[in-house]
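One structure is given here, and the rest of the page talks about it.
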Amino acid sequence: MRAQPAASHFVDGRPLEDAAGAPIPVIHPANGEEIARLHEATPAVIEAALASGARAQKDWAALRPVERARILRRASDLIRARNEELSILETLDTGKPLQETLVADWPSGADALEFFAGLAPAVTGETVPLGQDFVYTIREPLGLCVGIGAWNYPSQIACWKAAPALALGNAMVFKPSEVTPLGALKLAEILIEAGLPPGLFNVVQGRGAVGAALVSDSRVAKVSLTGSVPTGRRVYAAAAEGVRHVTMELGGKSPLIVFDDADLESAIGAAMLGNFYSSGQICSNGTRVFVQKGIKEAFLARLAERADAIQMGDPLDPEVQMGPLVSPAQLEKVLSYIEKARAEGGRLVCGGEASVSPGCYVQPTVFADVTDGMTLAREEVFGPVMAVLDFETEEEVIARANATDFGLAAGVFTADLTRAHRVVAQLQAGTCWINAYNLTPVEAPFGGVKMSGVGRENGRAAVEHYTQVKSVYVGMGPVDAPY
């Protein structure tokens, strides 16, 4: 099945091709077939995207917020009306099963556009009384923003970054991952159809050099990245050269803590969602599952039973529950972590093998008897590999859960809500769940601490990261100067 777009890039309101750029083959992970071939952005394409964005942004910012909101709301409606065809494209691009993409990818993007459309007219300043004088504040857009996406949720990420940027009066040049480049082009088309003026959301394709060129350009006021910690470090350093605003959502090695009074089926379901959904390729996954000793074996037995029942296969089959990893390179990486876990003494409970050939499939895999020092407990795998660790006391598990450089997410399962709140208050994570896991509604802020990132996406908190405050002092009387 082919999914060739009209052109590799979308700049100034139209598809744009420049075949001089290095080729980017788009491979369907389920069978290894090339479904499209794009080209990397040349310097001319990058310049056109930045120039048109900078030019269009000023008029866009001058519109009433409600006028901007109408366009984003129309785009949200268009996405929902076309969700099935967009979800099929997302499945072809990523390998995620259709039963996931129909509910979790473009629908979340539509939610973001709708949410920020509703929020935009309510973003106002404040008045500070100072006797007869006063100060008022204005929230102003930052200007030209750069968004850099990841390959695991390409279309959702594009929407999560574009929605607040555009709603608040900014322009954005977006570079999707070269592994999954197709969804962002569809978003650009839909925004234009909804009435967005040309130049405000441009899409350019490419690898790291293209991202570096965007981030280092003097016209760029803000960078929003979703990616790995090494990429984040490089982008952060480049943005710092120009003292640019930065939001980063990076990796994680998140703890999911299950106390012995938890509802076992719910806790197991959450652990599976937090390790096997999207074939485990989710940054916030709870890949360190801490289970209190008294229920560990019962937890593992039922977990293995449910994991073995997961239906793998063609992701376009609506009955399939788990698809392939995104690429052969990711498959090789995940299999290497499985071998390390075996070598370091992990007890394989289920899975552990490549599965369903051709394609980049790995069975849902669970290791028990994992200790804090093992590679599987320290490094982000980004695949369907769960590490189960046991614990005895609340104090112990809090200390061990926090003993990581990451701090993206955490979860707690217990029937004792007092304990749940007490534990969550001590966990070093930007996003926490109690008796739930990996639910990320756009109404709530999302982001990490420590090496997992800076800033927040979604919720009202995103306003802080796409606007700047101007203070205006108003003197109501004569100026009293001492000279």
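Even glycines carry a Cβ here, placed using N, Cα and C.
Feature annotations, courtesy of Swiss-Prot:
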{"type": "ACT_SITE", "residues": "K161", "note": "active site, charge relay system"}
{"type": "ACT_SITE", "residues": "E249", "note": "active site, proton acceptor"}
{"type": "ACT_SITE", "residues": "C283", "note": "active site, nucleophile"}
{"type": "ACT_SITE", "residues": "E457", "note": "active site, charge relay system"}
{"type": "BINDING", "residues": "I27, D93, V179", "note": "K(+) 1 binding site"}
{"type": "BINDING", "residues": "G149, A150, W151, K175, P176, S177, E178, S228, V229, P230, T231, G251, C283, E380", "note": "NAD(+) binding site"}
{"type": "BINDING", "residues": "V243, K450, G453", "note": "K(+) 2 binding site"}
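All features noted in Swiss-Prot, drawn onto the structure.
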residue : record                           : Cβ neighbours (10 Å)
D93     : K(+) 1 binding site              : 29
G149    : NAD(+) binding site              : 27
K161    : active site, charge relay system : 28
P176    : NAD(+) binding site              : 26
E178    : NAD(+) binding site              : 19
V229    : NAD(+) binding site              : 16
V243    : K(+) 2 binding site              : 8
E249    : active site, proton acceptor     : 27
C283    : active site, nucleophile         : 24
E457    : active site, charge relay system : 25
Compared by Cα position, which of the recorded positions K161, G453, E457 is the closest one to D93 (K(+) 1 binding site)? K161
Looking only at C-alpha atoms, tell me how far the residue listed as 'active site, nucleophile' is from V179 (K(+) 1 binding site), rounded to the nearest Å. 17
Given the recorded positions K161, V243, E249, K450, find the one whose Cα is closest in space to the Cα of T231 (NAD(+) binding site). E249
Reading the DSSP string in three states, the entry for P176 (NAD(+) binding site) is coil
Cα-nearest neighbour of I27 (K(+) 1 binding site) within the listed recorded positions, K161, P176, V229, E249, K450: P176
Quick one: of W151, K161, E178, V229, E249, which recorded positions lie within 10 angstroms of G453 (K(+) 2 binding site), measuring between C-alpha atoms? Sequence order, please. V229, E249
Taking only the binding-site residues W151, P176, E178, V179, V229, which one has a CA atom nearest to the CA atom of E249 (active site, proton acceptor)? V229
Using Cβ-Cβ distances, find the residues under 8 Å from W151 (NAD(+) binding site) that belong to the same chain and are at least 6 apart in sequence, listing them in sequence order. T94, P176, S177, V179, T180, V326
